[in-house]
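If you check TrEMBL, you get these features:
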TRANSMEM  69-87  transmembrane segment
TRANSMEM  124-141  transmembrane segment
TRANSMEM  153-171  transmembrane segment
TRANSMEM  183-200  transmembrane segment
TRANSMEM  212-235  transmembrane segment
TRANSMEM  247-266  transmembrane segment
TRANSMEM  272-291  transmembrane segment
Amino acid sequence: MPFKRPATGLAFCLFYLSSYFTNKYVLSVLKFTYPTLFQGWQTLVGGILLHVSWKIGWVEISSSSRSEVLSWLPASALFVGIIYSGSRALSRLPIPIFLTLHNAADVIFYGVEVAVQKEQNSSLKLCRVLILLVAAGGLLFNDPQFDIDGYFWALIHLLCVGAYKVFYKLWKPNSLSISEQQYINYVFSLVMLVFASHPTGDLFSALEFPLLYFYIFHSSCLASGLLGFLLTLYTMKLKSSISSGQYLAWNFLAKVITAGLSPFLFEIAVNVPTACCLLLAGFAEVLLLYWHMNTGK
C-alpha cells in the first residue's frame with residue numbers, strides 16, 4: 001500500500017511521536033499525576049488553538065443546532081473517559097504496552113458489528129481480533145513490570161475507546177464535521193475536568209507538586225498542550241484527505257516508530273513472552289492493513 005500525502009503523513013507521525021513522548025515525560029519522569037489538571041490544560045489549549053484555526057481559515061466550524069450538539073454529548077463524555085483514563089494508564093505503563101492495550105479496543109468494536117448489527121465479517125478480521133486478545137491477555141500474565149493500577153486504567157481506557165468507536169458508527173454524525181466534533185469534545189471535556197478537579201483532590205494536591213515553579217515543568221506542559229493540538233489538527237487533515245486504509249497505514253507507521261524509539265528514553269523491562277505479545281499486536285495491525293488492501297476500503 002503506497003503512502004499518500006507524504007508531507008501531511010510524516011508531520012502526523014512526528015507529532016504523534018512528540019506528543020506521546022512529552023506526555024510520558026510529564027507523567028512518568030516529572031510525575032505530575034493529576035489527570036484532571038493535566039488533561040484540563042491540554043483541552044484548554046486545544047480548544048483555544050482550534051478556535052483560532054477556525055478564525056484564520058485552517059479548519060471549518062459551522063454553527064450547529066442545539067439538537068446536533070446534544071446528540072454528540074455522549075461521545076464527548078466518552079472522550080473525557082478516554083483522555084482521563086489514558087493519562088492515568090500512561091503514567092504507569094511503558095508506551096509499547098499502553099499502545100498494545102489501546103489497540104485491544106477494536107475487540108469491542110468488532111463484537112458490536114457481529115452481535116448488534118449482524119454484519120458479515122471476514123475470517124481475517126476475526127483472526128486479527130483473536131490475536132489482539134491473545135496479545136493483551138499475554139501481557140496481563142507476563143509483563144515483568146506489571147502494575148495493577150496501570151492495567152486497570154488501561155482497561156477503562158480501551159472500554160471508552162471501543163464505546164466511542166461504536167457510538168460513532170451507530171450515530172453516523174454526517175451533520176457534524178470532524179473539527180466540529182472535536183471542538184465540542186474540547187469544550188465539554190474542559191468543563192467536566194474543571195469541575196472534577198476538586199472532588200478528585202487534584203486541585204489542592206497539585207499545589208504540593210515539587211516542580212510546580214520550575215521552568216522544566218512549565219515548558220513541558222506548554223509543549224504537551226501545543227503538540228497535542230498539532231496531533232489533533234494533522235489527524236483531522238489526514239482523515240479528510242485520504243482513504244481510511246491510507247490513514248491506518250500512517251497511523252500504524254506512527255505507532256511503530258513511537259513504540260520502537262520509546263525504550264531509548266523511557267524504562268521498560270521486556271522478557272521473551274512480553275516481546276512476543278508486542279510483536280503479535282503489531283502483526284494484528286498488519287492484518288488490518290492487508291484486509292483494507294484487499295477490500296479497497
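Every residue gets a Cβ built from N, Cα and C, even glycine.
Please treat TrEMBL annotations as automatic predictions, because they have not gone through curation.
Since we're looking at a predicted model, the values are computed, not measured.
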Interface check, the transmembrane segment (153-171) with the transmembrane segment (247-266), three or more C-beta pairs under 8 A: no
Among 69-87, 247-266, 272-291, stretch most in contact with the transmembrane segment (124-141) (C-beta, under 8 angstroms): 272-291
